[in-house]
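What follows is one structure encoded as structure tokens, with my remarks underneath.
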Amino acid sequence: MRQRPQISGLISSLLWALPYLFAAYASAILATGTGYAASIWLPAGVAMAALMLTRPEGWPAVMIGLAAAQTLFGMLQGAHLLLSVVIALIAIAAPGIALAIVVRFAQVPLHGLYFLRALFFAALIESVLASALNNAILSPGGAAFWPGFQMRAIAHVVGIFIVTPVFTAWARFRPSRQSMRGTAERVIGALAFAALVPCALVVFGSAAGGSMSDNLLIGMSYVPLLLCALIALMWGARGGVISVLALALIALSQTASGYGPFGRTPDDESLLGVQLYLGVGSVLVLLITTLRSHREKALDSASRWRANMELALAGSGQLVYCLDTRTGHFEWGGDLEGITGRSPDAFATLDTVLAAISLDDRARARARWLRAADGQPTREMTFCLRTPQGGPVFITDTSQSISDLDESTAFIAGTWRAPRPGQAVAPAGQPPSRTAAHAEAA
């Protein structure tokens, strides 16, 4: 089997260092004019995604690249080399420790329904470690510990929940000819995404106390979240995370400028509110996409299992059925038309099935199913079935009654076996097994 080519450590570190540096500059621009705490910190999501998507043996190269990017960013911002190196080590070590605790020690996988839980715990651990150490180093003398720690922790958590899913969702993208999404879903998703940007600009671009009342502005802030949820339902994980990222960039930039429902004053408190808003929206979208993906996989697995079962039944000349004793309704599995010449709709009731059985065997078949409905044991039975063209088909029926919670018979489940081409059968019009007939009569 051909293995995918491995990316060298230098290229991998460079590929992650560039988006980290870009996210750091974007955070610095958005947080311009705020207090001393790092009010917005999107690179935390890049660092978490880099380590999540890299094998443990490749972590050193990636961490060196991320640390170099953080050091360069700190120096360009006017910090000393030693301080920049210390901050870089903290920023890169925190997600590594968090993932080691969550994945290695807690044994939480990074896929399926477990991904959101792993991301939550990793973000919580990373934000506590990075914020506590950064606050101890960067806080001015005499400043209270809690306000700066709170702001940095929220910034790290929101940065992880906004940015990390973007990388993980698109890194796991595999082109496929098969798609469970139809044209209507794609169109609805496109319309929702087209409405998201202007809606977010209207909501977060309105000045507080302007033409739109504060209460109406707060109520309108839920509309972008609704559109993000709709995009996630229609387009899946990749569309959902892109919509949250677009909403985050608009909301953060407008709030930092003093606009929108959270932007009364461009300070740390206003940015804290909008980041909590974005964090809730990101978790909502992740829940929707995770549950939708799990449902799609379950449906796909069930569809494959049913297709394999139908092929196996058709190849062996067998049918399976389930008879509801209360309604007399049959449900069939297998090639019903190929064996009996009838469609499932035309063979859906006990009366229609009995009408297709030859007169010589009809009474025995009815009595057998009635005994099974009463909970009595039954033996294997062979009878003659007439096709719509009048040809005989000899069927061997094996069934078992299934009791309900009140110990009454709810269903009769069984199989029909028909002879394969070339297999010897009893003459038409004569029951193929007199012994079975006498046993049933007894």
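Yeah, the Cβs are placed from backbone N, Cα and C, and that goes for glycine too.
Listed in TrEMBL:
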- 420-432: compositional bias 'Low complexity' (COMPBIAS)
- 17-294: domain 'MASE1' (DOMAIN)
- 420-442: region 'Disordered' (REGION)
- 33-51: transmembrane segment (TRANSMEM)
- 58-76: transmembrane segment (TRANSMEM)
- 82-102: transmembrane segment (TRANSMEM)
- 114-133: transmembrane segment (TRANSMEM)
- 153-171: transmembrane segment (TRANSMEM)
- 183-204: transmembrane segment (TRANSMEM)
- 216-235: transmembrane segment (TRANSMEM)
- 242-262: transmembrane segment (TRANSMEM)
- 274-291: transmembrane segment (TRANSMEM)
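The stretch in 58-76, 153-171, 183-204, 242-262 that contributes the largest number of Cβ pairs under 8 Å to the transmembrane segment (82-102) is 58-76. The transmembrane segment (114-133) makes no contact with the transmembrane segment (216-235), as judged by fewer than three Cβ pairs under 8 Å among residues 6 or more apart in sequence. Confidence in the domain 'MASE1' (17-294), given as mean pLDDT, stands at 84. Counting Cβ pairs closer than 8 Å and at least 6 residues apart in sequence, the transmembrane segment (242-262) and the transmembrane segment (183-204) reach three or more and so form a contact. Packing against the transmembrane segment (183-204) from elsewhere in the chain are residues 217, 220-221, 223-224, 227-228, 230-231, 234-235, 239, 243, 246-247, 250-251, 254-255, 259-261, 263: each is 6 or more residues past its ends and has a CB under 8 Å from a CB in it. Counting same-chain residues at least six beyond the ends of the transmembrane segment (58-76), those with a Cβ under 8 angstroms from any Cβ of the stretch are 9-10, 12-14, 16-18, 20-21, 24-25, 28, 43, 46-47, 50-51, 83-85, 87-89, 91-93, 96.
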